[in-house]
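Copied from Swiss-Prot, the annotated features are:
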TOPO_DOM  1-82  topological domain 'Cytoplasmic'
TRANSMEM  83-103  transmembrane segment
TOPO_DOM  104-107  topological domain 'Lumenal'
TRANSMEM  108-128  transmembrane segment
TOPO_DOM  129-142  topological domain 'Cytoplasmic'
TRANSMEM  143-163  transmembrane segment
TRANSMEM  167-187  transmembrane segment
TOPO_DOM  188-215  topological domain 'Cytoplasmic'
Amino acid sequence: MADLHRQLQEYLAQGKAGGPAAAEPLLAAEKAEEPGDRPAEEWLGRAGLRWTWARSPAESAAAGLTCLPSVTRGQRLAAGGGCLLLAALCFGLAALYAPVLLLRARKFALLWSLGSALALAGSALLRGGAACGRLLRCEEAPSRPALLYMAALGATLFAALGLRSTLLTVLGAGAQVAALLAALVGLLPWGGGTALRLALGRLGRGAGLAKVLPV
């Protein structure tokens, strides 16, 4: 802006070279803003920071990417494999409590829930951060049985670790099993409702044949 003002003054001075009066400036000189006029911006500049709204979209996207940890494929596979091994260990320890399930119901449910949580974490790590990011951004809607299973899993862990209640832990484990069965039935090609009607129909026909046939 200062260069344009100077060039305009030189052009007017050349046009009125023979006049007694000097050319008056048409534009007022704008005072350049010095860095020290704004203490907050000066301090942020020394710290290497900028206001979020002062960044361009490209800079905001780059800043968002740098905030994410850089994990290689090998590290993700190692972490996922470790979670799956710990899940297998928890499932194995839970199987040891199966003969005394009535006496150690809370420990069995706790180990089973920890194994399920570790298995889910390992599967998420092996699946990759992009797929998990799509779920967190609600770009992929999870199914209702999956949400119910996650809620039952969290409730079981809270009842076992926080409340230390055997009854609530057993109820949470039962809710886990029901949600898991609903999720597995929902994965069938013909749908959960059709599969349930088919199973009930077969059970009804089997009961009718048992009544008709002689023993």
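Glycine residues also receive a Cβ, built from the backbone N, Cα and C atoms like all the rest.
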Spatial neighbours of the topological domain 'Lumenal' (104-107) not adjacent in sequence (6+ beyond its ends, CB under 8 Å) are 97, 160, 164-166, 169-170, 173
In this predicted model, the topological domain 'Lumenal' (104-107) has a mean pLDDT of 86
Beyond a gap of at least 6 residues from its ends, the CB atoms lying under 8 Å from the transmembrane segment (143-163) belong to 106, 109-110, 113-114, 116-117, 120, 169, 171-173, 175-176, 178-180, 182-183, 186
Taking DSSP H, G, I as helix and E, B as strand, the topological domain 'Lumenal' (104-107) contains 3 helix, 0 strand, 1 coil
